[in-house]
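Encoded as structure tokens, the structure appears first; notes follow it.
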Amino acid sequence: MLLPLPPQSSKPEPTKSQSSKIVPSHHDQSEKTGENCQMKISPSSLQESPSSLQGALKKRSAFEDLTNVSFEMTHETLYLAVKLVDLYLMKAVCKKDKLQLLGATAFMIAAKFEEHNPPCVDEFVYICDDNYQRYEMLNVEIDILNVLKFDINIPVAYHFLRRYARCIHTNMKTLTLSRYICEMTLQEYNYVQEKASKLAAASLLLALYMKKLGYWVPFLEYYSGYSISELHPLVRRLNKLLTFSSYDSLKAVYYKYSHPVFFEVAKIPALDVLKLEEILNCDCEAKGVVL
């Protein structure tokens, strides 16, 4: 039996927020090789000792500053840029001192793909403090595109997140909270292997629990195609990530979503572990599922 559609909101969904553009996406495919691949970045791909991997992945989290500080670019650009870096490092070697160049170039490619008016090459060179030359960035751009065989139409979690939120007609504050949860994972290598669609569904599910909107869970389950029992292990991990977010040394995302423009959702406390388990058990009992 099909679930009824949620009641339509009388107000049209906003297409733009004050400091971050949200534009209609023209690639809403739900399944693709890029979405299903299991990603692993080996230490050898960084041409450094194994201990350098940790530093490299920390630099991966700094890529977000390029969009939030220097330019006003869409969330899709951020997610695609990080995905391009991950996919590239699966197949190619990158020296540690070239990671900033790799990240900036990935953003340039993503901006060309997602933005109506992408920044020019010289602007990306400038935000790297002129550590690199223009020709170096153009050479890396060619290298990335060749390694990825020009296949950069990759599903990212934000595409799915926006679609799910639109399907269940969630309000902007709840959507922003789910965006914060999802964006926190961009800093963490442990979430690279997760499917984009599943990560988006789990982020929105946790946001619904945090906002005490559990009655929307069946609709999310229906439109995402994931059962709640499939999402619960990932929800637990995401809640743990939020619990320690304010103590993490990587605070770019936390500071961004602590701003009033983003409803200060980063300041919303994560769910207590026992409270979360109680909610998960209630959901499973309602579905007749044993954890």
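Note that Cβ sites are derived from N, Cα and C of the backbone, with glycine treated the same way.
The structure displayed is predicted, hence computed values, not measured ones.
Annotated compositional bias 'Polar residues' per TrEMBL: 10-22, in sequence order. Per TrEMBL, the feature compositional bias 'Basic and acidic residues' maps to 25-34. Per TrEMBL, the feature compositional bias 'Low complexity' maps to 42-51. According to TrEMBL, the domain 'Cyclin-like' annotation covers 64-146, 159-240. Marked as domain 'Cyclin C-terminal' by TrEMBL: 155-271. Sequence annotations record features per position, and here TrEMBL assigns region 'Disordered' to 1-51.
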Give the residue counts of the domain 'Cyclin-like' (64-146) per reduced DSSP state, in the order helix, strand, coil.
63 helix, 0 strand, 20 coil
Averaged over the whole of the domain 'Cyclin C-terminal' (155-271), what is the pLDDT?
92
